[in-house]
């Protein structure tokens, strides 16, 4: 790794800087002093999804819309210029009229997964096929913990290996 001291005017906010809008004469941000890389008097912020005209946006102001029913819209805190970390509905939450289950902000539907993997004629296999995932052996499991496969609980059998038929 290369270690170098902070450089005011390089557009990167580094240790000791509150903002960095480029070199004096190039800076177009009224919230940032380009010579010192400090906020201008009265400014709370210079950049960020929750910064507007040098002030923090109010608490509850949406800064990132939900992309799907498995995503959660994020709102400004009123204390920071940054939008909070992207958050999702809990994994396993039913979605799309119980056709799928939320997973990391998406709603994968088993039929769509089969179609994408095996072509237009592929569909999800009968429920009985998914009972293999309760074994916790070989390729049939829900998760691994310390290298050991963990079988799926009855309610989670469709969270393990995907079974499709042509």
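Backbone N, Cα and C define each Cβ position, glycine as well.
The following features are taken from Swiss-Prot:
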DOMAIN    5-91  domain 'Disintegrin'
BINDING   7, 10, 12, 14, 17, 20  Ca(2+) binding site
DISULFID  8-37  disulfide bond
DISULFID  19-32  disulfide bond
DISULFID  21-27  disulfide bond
DISULFID  31-54  disulfide bond
CARBOHYD  33  N-linked glycosylation site
DISULFID  45-51  disulfide bond
DISULFID  50-76  disulfide bond
DISULFID  63-83  disulfide bond
DISULFID  70-102  disulfide bond
DISULFID  95-107  disulfide bond
DISULFID  114-164  disulfide bond
DISULFID  142-152  disulfide bond
Check: Are any of 10, 33, 152 (the recorded positions) within 10 Å of residue 21 (disulfide bond) when you go C-alpha to C-alpha, and if so which?
Finding: 10, 33
Check: Helix, strand or coil at residue 114 (disulfide bond), per DSSP?
Finding: helix
Check: Which of 21, 32, 50, 142 has the fewest nearby Cβ atoms, counting only those within 10 Å, among these disulfide-bonded residues?
Finding: 142
Next item on the list: Within 10 Å of the Cβ of residue 152 (disulfide bond), how many other Cβ atoms can you find? Include all protein chains, please.
Entry: 22
Next item on the list: Looking only at the domain 'Disintegrin' (5-91), report the model's average pLDDT.
Entry: 96
Item checked: Additional residues surrounding Ca(2+), by Cβ distance to the 7, 10, 12, 14, 17, 20 centre under 8 Å -> 6, 8, 9, 11, 13, 37
